[in-house]
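For reference, the structure is listed below as structure tokens.
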Amino acid sequence: MRVLGIETSCDETGIAIYDDEAGLLANQLYSQIKLHADYGGVVPELASRDHIRKTVPLIQAALKEAGLTCKDIDAVAYTAGPGLVGALLVGATIGRSLAFAWDVPAIPVHHMEGHLLAPMLEDNSPEFPFVALLVSGGHTQLISVTGIGKYELLGESIDDAAGEAFDKTAKLLGLDYPGGPVLSRMAQKGEVGRFVFPRPMTDRPGLDFSFSGLKTFASNTIHNNSDDEQTRADIARAFEDAVVDTLAIKCKRALEQTGFKRLVMAGGVSANRALRIKMEEVMAKLGGEVFYARPEFCTDNGAMIALAGMIRLKGEVNDSLGVIVKARWPLSELPPL
């Protein structure tokens, strides 16, 4: 069984082919970073138009990479939400159309379920149950996962997502877009302890997050200090340490609350080196294990959508020809398998 996966929820066009026996057969990705760089963020209209240009050629490239033709595809999975509506409609329309033309099932996939399942692309994949930390530019959530579609929201950000805070603070430091990864590289040169940022909402019970205050704290710190390279690196280090510590504290609480011994990290920020090191330390002390995908599968990609589609194919598939996408879509609305 082979599933073609299509990801167009934001500013990456991702196409992949997943085989239930052989694993990942093809993975094609086009990033729109250069397209949006001059604007300092994603422009939805430009994103949609670029997905229109890139999606079909990338599907052709994926088929060629896998040595397959359309006749070898058994289902088409596409991201149906959450995300930018215009961008989602591109992938959904193409996915539905191809499925109809090829006479195979079309499977709408939840973008965050794709991220959550991405570590299962690795040889060392997690078993249920586990706590999932979904951490990206648009989401920061802690979720109890006891099976496919069996998701309970434990906590989430009440304002900025962690990845959004990274990008905004990077912009304050004068770093190029997208600034989060650049800030992390700069932080490696920073001095530990020169600046100390707060660990928001860790002094009270609960598993919710808040990162907007860190951005304000960073802005004030930048304004009140010199603009030399070392100072900027020290501020970057203090900011990253604060975010990483906050995430670690909340993850530890979630694991203690659920009694689970497995932690899954997913989403773009899960590729952060400092966060991975910290979580390895936390799980070692708890006698548990942390799982995450390789960096290229942490950010948006077609492989996670193809895998999620393969898994969802085992459940009930909607055969209607309607193209429905959702800008907002709670994970809790997904049916269990």
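Positions of Cβ are set from backbone N, Cα and C atoms, glycine also.
Pulled from Swiss-Prot:
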- HIS111, HIS115, ASP300: Fe cation binding site (BINDING)
- LEU134, VAL135, SER136, GLY137, GLY138, ASP167, GLY180, ASN272: substrate binding site (BINDING)
Notebook entry, point to check: Taking the binding-site residues one at a time (LEU134, VAL135), which has its Cβ surrounded by the most other Cβ atoms within 10 Å?
Noted result: VAL135
Check: Can you tell me how far the Cα of VAL135 (substrate binding site) sits from the Cα of HIS111 (Fe cation binding site), in Å?
Finding: 13
Notebook entry, point to check: Near the Fe cation site, what residues other than HIS111, HIS115, ASP300 in the same chain have a C-beta no further than 8 Å from the centroid of the listed C-beta atoms?
Noted result: GLU7, SER9, THR79, MET112, GLY114, SER136, GLY267, ASN301, MET304, ILE305
Next item on the list: Quick one: give me the count of other CB atoms within 10 A of the CB of ASN272 (substrate binding site).
Entry: 27
Checklist line | Cβ neighbours of ASP167 (substrate binding site) where a neighbour is any other Cβ within 10 Å | finding: 23
Item checked: Recorded substrate site residues LEU134, VAL135, SER136, GLY137, GLY138, ASP167, GLY180, ASN272, farthest C-alpha pair in Å -> 17
Next item on the list: To the nearest whole angstrom, state the Cα distance for the pair GLY137 (substrate binding site) and ASP300 (Fe cation binding site).
Entry: 11
